[in-house]
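To start, the structure under review is shown below, and the notes come after it.
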Amino acid sequence: MAAVGTGGSTAAPGPGAVSAGALEPGTASAAHRRLKYISLAVLVVQNASLILSIRYARTLPGDRFFATTAVVMAEVLKGLTCLLLLFAQKRGNVKHLVLFLHEAVLVQYVDTLKLAVPSLIYTLQNNLQYVAISNLPAATFQVTYQLKILTTALFSVLMLNRSLSRLQWTSLLLLFTGVAIVQAQQAGGGGPRPLDQNPGVGLAAVVASCLSSGFAGVYFEKILKGSSGSVWLRNLQLGLFGTALGLVGLWWAEGTAVAHRGFFFGYTPAVWGVVLNQAFGGLLVAVVVKYADNILKGFATSLSIVLSTVASIRLFGFHVDPLFALGAGLVIGAVYLYSLPRGAAKAIASASASVSTSGPCIHQQHPGQPPPPQLSSHRGDLITESFLPKLLTKVKGS
């Protein structure tokens with residue numbers, strides 16, 4: 001992903017440059033570094049807080065809210081936010097906004113309908129996350145959920161004919177091994193757990209969520225190649241489908257109970273915090289992530305795992321044993337290695353080859369060839385290559 005200010009920060013001033021002009025590159029570089037650190041903090045807090053807040057809200061004593069209503073509310077708030085942002089882009093002109101939406105949503109209905117499949121998958125994924133976090137400790141879920149990197153990589157190879165470097169394949173193997181160790185620790189006990197939790201159901205839900213997340217991310221990129229729609233328009237379209245499909249899922253899974261007890265049954269300030277986090281967290285990350293890069297995103301994911309684990313110890317009495325620490329460490333290392341750009345990955349592979357006298361990397365990059373984009377799989381981490389030249393940002397947040 002292109003970074004703001006890249007290239008200009010190190011350029012030398014021309015012979016006739018004045019002192020003020022000479023300071024501009026350094027000033028831009030300093031501002032860019034601050035924005036990168038702010039982006040890192042936002043990514044870490046958003047990644048960890050959503051999981052912790054869902055876990056907290058689902059384990060509170062008393063009436064338990066309906067997860068399907070929370071998913072619908074998040075989609076409604078997300079769609080309304082994008083509608084307001086589009087309204088602001090049209091300078092408050094209602095007529096221009098209506099004409100724009102009519103053209104983009106109704107006239108170009110084929111592009112709109114293409115978003116129905118990923119929206120369905122995202123709605124399913126969000127509901128599965130509630131099931132998984134309700135049955136797994138927050139730290140265990142956070143580690144296991146990194147399987148989305150593996151599923152996205154596999155789908156990108158199968159559907160987009162992408163190639164992965166040797167280091168990336170190695171990192172995926174480390175990732176799978178680390179998750180397997182964590183799940184073995186969970187199956188072996190991992191400390192006391194509430195009676196209403198079922199680790200098997202939680203594992204099945206998180207694996208299904210990772211599979212759907214990986215497929216949706218790659219499918220979304222595949223069908224929207226060449227699209228020029230704005231990020232807020234795409235989010236609004238996804239929100240419309242997400243709300244409709246979420247209501248269908250609510251009626252099918254908990255319709256009778258919701259009709260009897262009410263849509264907002266069990267809602268507390270903690271539940272509203274979860275809904276707001278889901279609705280605005282991903283959109284916030286979509287704004288700040290353009291100042292980050294793949295290494296920073298990988299580092300943020302690793303920090304969020306550590307933060308979730310530490311918070312789980314304090315909030316939920318989670319017990320960290322050597323087996324969990326080993327598995328989590330492998331996952332953190334794998335996430336960081338996978339996020340390295342191709343140039344760095346090739347350098348590491350070459351250095352390893354020179355030490356071990358092994359052959360060169362099987363996927364070599366030609367000089368001057370840009371690295372292929374790294375596709376993240378979380379709904380809040382969807383980056384479509386077709387959008388990058390114009391938007392340099394994410395498409396969907398959850």
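Please read every residue number as a count from 1 along the shown chain.
Note that Cβ sites are derived from N, Cα and C of the backbone, with glycine treated the same way.
Caution: TrEMBL annotation is automatic and unverified by curators.
As the structure is a computational prediction, the values presented were derived from the model and not from experiment.
Residues 64-65, 67, 129-130, 133-134, 137-138, 141-142, 145, 268, 270-271, 273-274, 277-278, 281-282, 284-285, 288-289, 291-292, 296-297, 299-301, 303-304, 307-308, 311-312, 315-316, 380 of the same chain sit 6 or more residues outside the transmembrane segment (37-58) yet have a Cβ under 8 Å from a Cβ within it. Positions annotated as transmembrane segment by TrEMBL: 37-58 (among others).
The transmembrane segment annotation in TrEMBL covers 64-87 (among others).
What TrEMBL lists as transmembrane segment is 169-188 (among others). Long-range Cβ contacts of the transmembrane segment (169-188) within its own chain (Cβ-Cβ under 8 Å, at least 6 residues beyond either end) map to 136-137, 140, 143-144, 146-147, 149-150, 153, 199, 203, 321, 323-324, 326-331, 333-335, 337-338.
What TrEMBL lists as transmembrane segment is 200-220 (among others).
According to TrEMBL, the feature transmembrane segment maps to 232-252 (among others). Residues of the same chain lying 6 or more positions beyond the ends of the transmembrane segment (232-252) and with a Cβ under 8 Å from any Cβ of it are 66, 68-69, 71-72, 75-76, 78-79, 82-83, 85-86, 89, 104-105, 112, 115-116, 118-120, 122-124, 127, 224, 258, 283, 286, 387, 395-397.
The transmembrane segment feature in TrEMBL is assigned to 264-289 (among others).
Same-chain residues lying 6+ beyond the ends of the transmembrane segment (296-317) with a Cβ under 8 Å from its Cβ atoms: 36, 39-40, 43-44, 47-48, 51-52, 55-56, 59, 137-139, 142-143, 146, 191-192, 289, 328, 331-332, 335-336, 338-340, 376, 381. Look at TrEMBL and you will find 296-317 (among others) tagged as transmembrane segment.
As annotated by TrEMBL, transmembrane segment applies to 323-340 (among others).
Here TrEMBL flags 359-380 as region 'Disordered'.
Packing against the transmembrane segment (64-87) from elsewhere in the chain are residues 57-58, 94, 97, 100-101, 123, 126-127, 130-131, 134, 230, 232-233, 235-236, 239-240, 242-243, 246-247, 249-250, 253-254, 257-258, 263-268, 271, 274-276, 278-280, 282-283, 397-398: each is 6 or more residues past its ends and has a CB under 8 Å from a CB in it.
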